[in-house]
């Protein structure tokens, strides 16, 4: 792995000159294809949890960006659509049926998954878009018209509801993508962006918009936090009243309750939100 990282880092330093050196370009393309294949298999990932902290593997981001620089667009076709892109689809009309059967993946018409994306076992992909570098763990549902941004990390047994936007990020290199940990529910038409971390077991109601500067308020105490939804929190949209009379209030996300793991597993999402 160290030699692979070294090669990517060296190529990154001369990225503006790569297209002018055909011999280096040929060697680099093979390396980049290996990185994309490893992303597809989940052998490497853009961001991973180490000792309770999420860390970005910047070299993987660099490899993806180099892949864009060194790859020419081409025409792709399937049975009902065609498109012109630098990134191939993860699944094509030639994909062996056994790949889906062995992994128990269900992918319906209209679902777009770019290569360089990891899709684990028992994932259901409705008509949606999943970008390069994303990681979708076991048993998760990506519902209709959801968008999973580049490098976004989605945990096990999550439900990403219809029309939801999960932000991704390739640049700046050190920035974290959005991270949705295990057993989370993200309500329909919500948007989680700008590197926000939704910790394990959290429930986000329909229509909640959270970015890095969004005020996240504990309803009981009034405490305000940013960029993180604590584990097993239940969150709804709200408005923070203006301090001055007659001034408009500002949007916020409100933590209305926190439950333990046992309660979360036994109580329905609808009951939690009520």
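Glycine too: its Cβ is placed from the backbone N, Cα and C atoms.
Some features that Swiss-Prot has for this protein:
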BINDING   106, 143  substrate binding site
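For residue 143 (substrate binding site), the same-chain residues lying six or more positions away in sequence with a CB closer than 8 A to its CB are 126, 128, 159, 160, 161, 162, 164, 188. In the three-state DSSP reading, residue 143 (substrate binding site) counts as coil. Every protein chain shown contributes to the tally, and the Cβ of residue 106 (substrate binding site) ends up with 13 other Cβ atoms within 10 Å.
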